[in-house]
Amino acid sequence: MASFTLTRLCKGVALGRTFGQHVLSRTAPVSAPMIQHKTFMLSPVSRKRIYGPQEVCDREDEVNHWKNERVVAVALLPLIPTALAFPNVVLDMTLCSVMVLHSHWRLSGVCQDYIHGEMLPNIAKYGVLFLSIAAFGSLCYFNYADVGFAKAVRLIYSEL
């Protein structure tokens, strides 16, 4: 920006000495056409649904599932502080099961939305299921064999 201003103030004297008198008024010759010609080809029609809207009959189950997800998400709001304030086995197991269920539903939704292809969605679905089962089993073992989830969270925050 500053070089253009200096060029205008000096009226191109320095550029005129270096590149010729009319360096700013000449245009470069066009060596290739600006718009290239491309051919347009049609592919055969695909009759299967790719990623568009689904049929109406599938939506009722999805609406009920969406409502259940919201109920679980809202149930976590009072459950987390209650379990942390009054740690016991019942609240620990309830909190762990609801957290794992909430995480499983959200991760499977992410996999359905963003993983496409023939085999990869099935692998991701079973991977999420395996991780959810492993997480729930680990949390149940931790609640049974150790201090419990809520008390462990309280210990972490009291020690730090």
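Glycine is treated like the rest: Cβ placed from N, Cα and C.
Feature annotations, courtesy of TrEMBL:
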- 71-91: transmembrane segment (TRANSMEM)
- H102: heme b binding site (BINDING)
- Y114: ubiquinone binding site (BINDING)
- 123-144: transmembrane segment (TRANSMEM)
Most Cβ neighbours inside 10 Å, all chains, among the binding-site residues H102, Y114: H102
Three-state secondary structure, which DSSP defines for the residue listed as 'heme b binding site': helix
H102 (heme b binding site) versus Y114 (ubiquinone binding site) - Cα distance in angstrom: 18
